[in-house]
Structure formats: structure tokens, C-alpha cells
Amino acid sequence: MFISACMTLFFVGLTAALLRITFLTNDDASIMYTFAGYFTGEPYPIHGFVNLPLGYLTSLLYMILPQVPWWPVLQLLSVAISIWVIFYTLWDIGAANNTPHAVMIAILTLLYALVLVYPVARLSFTLTACMLGTAGVLRLFSNDTGGQVREPLSLLALLESLALMIGCFLFRNSTGFSMICFWAAGVVYHALNIGFCWTAEQKKQNLKRLGLYAIAGIAIFAALIWLNNWSNQNMNPEGYAAFEEARGEFFDFPHVAYDEDPDFYASIGWDRQTYNLVSVACFIDPGVTADRLNAVVAHGAVGAELGLTARLQAAFAYGETFFRTNGAGQYMLVVPVLTALAAGLYFLRERKRGVEMLMVFGLALGAFALCLYLCLVQRLILRAFQVIALPTAVLFLPLLLRIRADNRAMPLKRWGRGIGLAMLLLSLFGLGWSMTKTVLWFDSYHPAKQIEQMREAEAYAMDHSENVYIVQPTFIYNNEAFKTYPGEKPTNIIDWGDTGMYSGWKTRQLEKNGLSALTPEIFRQERVYLMGTQSAKELQVLIDYLIKDAGAAGVERVDLFGGDYAVYKVVY
């Protein structure tokens, strides 16, 4: 554990020293601003993305010590703990299978550099949950129930596994759903080993422990899922949960565009301007309701009329585009692919550890099936892929170490040595390519200007606290993680809808600024302005809507700030 702790501290510290740790998406900024009170003026514990207990804990910490950026601190701490657990678990498995220390150090170093560095450098509540879940499932795999020396299931390892999985669900409920698949694979792994390899007396005792663990896990996960759903339904204004679910369906899955069926959109009261408004997550039109969003989704998804062959072709084309345009997706494939190939080659030597090889095949097939489904519905985005690739890469390693240990006694024939050499060359090429691409990917990321621009916008708003500024949610990509406003807060910058529409924190923010609701009529108030770039390009959809459907004549620029940004007033 000590070596693993030292490696974790070194790698995380080196990442912080070489890279600026930021949020991956603006969703984390929204969560932080909610819990810290930067929207509402005081810490608010309820956000739809995060389970209730963690929300209360984080907001309480902000109340006690507002000078500390608690949300990114908690995320980084959770990721570091997960890495430490992964490292010491793999180290112990390597030691039990006579893997040299130098080899294990190399394996852990490559695992961090090619896979685990992403959740550290680009904090995301999705990947933080994924890291906790991965560490929890790995603790479940830590006992070697299929080895020649039978290891009984460790009660401590099972409890650690549950604790880490609980942390996963607290950070993001939907990521917990994904991790249940890997957790179930761990339960099946031990059930197969115990069922096929153990004596009758050993089977009875350990299957009972495994069964109780599985029942406890299912009960705890079900309780956390229920709590998340209950809090969304009952601790936000009426209508929030239904609208948020409909919003998610609308944006998460393809649907018929306006130009493809304008008559349908006319039947639900939407014109082109309203559709364009919804497409940029602006929900100020009174006709944009949960029922109408659901009607759009139910009307038919893109490609629904295609046959199976055509849908598969479209899915593979979509997947090819995803990997071609997402470098991080390509680089994270290297470790699981090489690990699976190595496990297969070692297994073919003596064909021992059949259960472990079956699990490698099952995990690979399951990961492929999940990716294929996301390609079929055209929803394979980077963080969704990482939630699949990251645990797959980590969980292959204990299986490989066990397969290698029991299948290396037989001398290799000439063809075997040739395959081994080819595998070595492939591994060197793949690891070198992945490492180079990872370094270049991080080197191309320069968030300093965006961070400075967001601070300038918030400073401008606080200097004009008597006004309210409506913004497009990503008019500046708000990705700064370690930021605090312990005193005055930029509560008068309000995004035009996005994931917070009808939420408790959005309602409180509107009330704090003297507004009753986000509707087109708010722009008639003297102190309500638009804030955006000097070109107002990102505001044009809203401006077109206000002119066409809300009686506006246009906008006029009333102020400039920060060199690139401006304040506009809607005129009638």
C-alpha cells in the first residue's frame, strides 16, 4: 500500500504541476455554482446530477469554509483515492502471481499515463463516479477464487467494494447504472470460480457470503437510485423532473429535424424559430413543455424507418467518425485491446484459467455491445465512451496477471516465439503511439484565456449588480475548477435554460434577481440585458425568435468589456 500511495501522490502531483486541472464540461461548473451559492447567493444542496447526501455535504462545507473550492477538491480527492485503491489492488495481485516489482511499476505507470490521467486533468463528476465505481469493482476482483490456492472472499474487500460503489452513485446516478454491469460481472466471476473449482464445504460458505454481498449491494444501489429519483421529484419545483427527463431524451437521442417535417412541428405549436431556440437549450418559449419535447421524441428517431443492415451501417459510420474526431477515445482503446490480446495469447499456451479468459471475453463483448448501442442511437460521446473504456482497461489487468502466471511454463515453439515477438512489437508501437498522442492532446489544451474571459464577465456582472444578464450557457466555456467567491457572488448572470430549467436553484436565482420566470417578457424590463460576444453570433437564434415571435425590433449594444464581449439591450 505504501508504494501505491507514493506512486499516486507522485502522479497526481506531477499532473497538477504540468497541466492546469479544469472541469471537463460546464455541467461541473453548474454543480459547483449551485452548491457554493454562486447562483443563489448562499449554498444550495440540491442539483439534479448529484445524489442528495453528497449535495448536502458539499453545500455544508461551503457554508463552513467558503474560501475553499470544495467541489473540485472532493472530486480530486475521490479520484486520487480511487487511483490508490486501483494501484494497491493490482500490486497485491501482481505479487501473489510472482510478477516482478519492476514490471508492476511499469504497468501502473502506463495505466496512469494512458488511462487514469484523464479523470485527474479534466475533472468531471461522470468520470469521478466512474473512477470510484471502477475501484469498487476491482476490489471485488481482488480475491483469487480461481487459483490453485483458494482465497476465501475477504469481508474487508467486499465492504471496500460496496463503499466505493456507494461513492460512485453519490457522484452520478446514471454512471452507477453503468458500473452495475461491471459489478455484476465481478459477482459472476466469483460464482463461477467457486461453483466449478471448490469443494462442497467451501462452496457452501463462500457462495453464502457472495450471495449476501450481492443482496446487500442490490439493496443499497436500489435505495440510492430511489433517493435520487425521489429528491428530483420532491425537492425541486413541480414539473422539474418531468421536464428534465424530456429535455434529456430530446438532446440524448436523434429526432426528426424541423426541415424534415415542418407540419408536425406546426401541429405542436412550434415554428422554425422555436425549434432553433430549443436546439440551443433555450426554453423561454411557453410552448416548450415536457409534453411537447416528449412528442418530438415519440414522433420518430432519425433512422427508425431503416432496416437492420442499414442501421448497422449507419452505426459503424457514426462510430468511425467518433473515433476519428476524438483523439482521447482512440488513445484509451490501446490498453484494453493490448491487454485482451496478451491474455488470449497466454491462455493458449496451456489453457488454464478458463474462467478468467471467459471474463475477458465477456467484458470485451459487453463493452463492444454498449458502444454499438450508443452508436445505433447516435449518442456515443467522449465521456460516455470513457465510462466504458476505463473500467474495461482496469479490470482486464487482474485477469491478465492471473492468466499469465498459470500459463507460462510450457516452452514456446518457433511459431509461438514469432507470435510473441509480433505482440511485443505491436505493444511497443501501440503504447508509444498512444503516449505521444496523449501528450499532444493535453499540450493542445490552453484554457487560460477562457478562464480569464469568464472571470471578466463575472466581474462585470458584479460591478453592475443592479442589472440582470441573460447568457447562452457556453458563451464562454466555464471550465475553471479551483475558483471561489467567498464574498460577493455573480448571481445576476443567468443562463437561458439548459439543464437547470425549472430547478430549485434556478427558481431561487430568479427570485433573488426579482424575476418570476424565464419568459420572453423579461426582456421588456429595463434592467434585463443580454451578454455575449461582440458579434452576438451565439445570441442570434434568441434574437431571431424575439423578433419573430415576441414583438422585438432587435437589439442594441450598450457596453463593451474584456475586449471581446458586449452587453445588449432588446428593443421593442
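Keep in mind that glycine also has a Cβ here, set from the backbone N, Cα and C atoms.
Note that the structure is predicted; figures quoted are calculated from it, not measured.
Annotated features in TrEMBL:
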type: TRANSMEM; residues: 70-90; note: transmembrane segment
type: TRANSMEM; residues: 102-118; note: transmembrane segment
type: TRANSMEM; residues: 153-171; note: transmembrane segment
type: TRANSMEM; residues: 177-198; note: transmembrane segment
type: TRANSMEM; residues: 210-227; note: transmembrane segment
type: TRANSMEM; residues: 328-348; note: transmembrane segment
type: TRANSMEM; residues: 360-381; note: transmembrane segment
type: TRANSMEM; residues: 387-403; note: transmembrane segment
type: TRANSMEM; residues: 415-435; note: transmembrane segment
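Note: the stretches the transmembrane segment (102-118) and the transmembrane segment (210-227) are not in contact (fewer than 3 CB pairs below 8 A, sequence gap of 6 or more). When Cβ-Cβ distances below 8 Å are used as the criterion, the transmembrane segment (360-381) is approached by residues 178, 181-182, 185, 252-254, 301-303, 311-312, 315-316, 318-319, 322, 336, 340, 343-344, 388-389, 392, 395-396, 399-400, 403 of the same chain, each at least six residues removed from its ends. The largest share of C-beta pairs under 8 angstroms with the transmembrane segment (387-403) comes from 328-348, of the ranges 153-171, 328-348, 415-435. Long-range Cβ contacts of the transmembrane segment (153-171) within its own chain (Cβ-Cβ under 8 Å, at least 6 residues beyond either end) map to 50-51, 53-54, 75, 78, 82, 85, 125, 128-130, 132-133, 135-137, 139-140, 142-143, 145, 179, 183, 186, 190, 206, 209-210, 213, 216-217, 220-221, 224-225, 228.
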